[in-house]
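Here is what TrEMBL says about this protein:
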type: BINDING; residues: H4, H52, D137, H141; note: Mn(2+) binding site
type: DOMAIN; residues: 1-60; note: domain 'Manganese/iron superoxide dismutase N-terminal'
type: DOMAIN; residues: 67-170; note: domain 'Manganese/iron superoxide dismutase C-terminal'
Amino acid sequence: MQLHHNKHHAAYVNNLNITEEKYREALTKGDVTTQIALQSALKFNGGGHINHSIFWTNLSPNGGGEPKGELLEAIKRDFGSFEKFKEKLTAISVGVQGSGWGWLGFNKDQGRLQIVACSNQDPLQGTTGLIPLLGIDVWEHAYYLQYKNVRLDYLKAIWNVINWENVTERYTACKK
């Protein structure tokens, strides 16, 4: 994960900073064509930064187990059981074609939890409106050193480091 953080996440941040500078210049000049041309780089690198920033807080060497309290009750309500939730998020994540993310999000309008996948570095809230609670990076850069190209083994293992305190804090905050 250090390589993942120090190389991959850092590249999204650096490229976002460069793109934002170009965007500011285009705004100053009133260059709408360049502003439009920069949108995909903003989405990709901005999404990479947003997604990874959530991902790091969702992990802990002391993680694993199950959430407690209100989050666990919401998981049971919306997915039937914690095991069914894990199975569904794992299945959605393993099924991402190419690169992307598996997400547990909160639908504020419905007051319910939802599981979705996003392609590439598409940020959950910016592309679906769901508030991100738990993100699982399924780009090969997240697991290739330890798990080679066996995404399912990585997904089985990631449940051992999920920081449920962080996910619960996110859940509590988005309900306000």
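Count begins at 1; order follows the chain as displayed.
Backbone N, Cα and C atoms are what each Cβ position is placed from, and that goes for glycine too.
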| field | Cβ neighbour count (within 10 Å, all chains shown) around H141 (Mn(2+) binding site) | value | 15
| note | For the domain 'Manganese/iron superoxide dismutase C-terminal' (67-170), the DSSP helix/strand/coil residue counts are 51 helix, 24 strand, 29 coil
| message | Is it possible to list how many residues within the domain 'Manganese/iron superoxide dismutase N-terminal' (1-60) are helical, extended or coil according to DSSP? | response | 53 helix, 1 strand, 6 coil
| query | H52, D137: which of these binding-site residues has the sparsest Cβ neighbourhood within 10 Å? | reply | H52
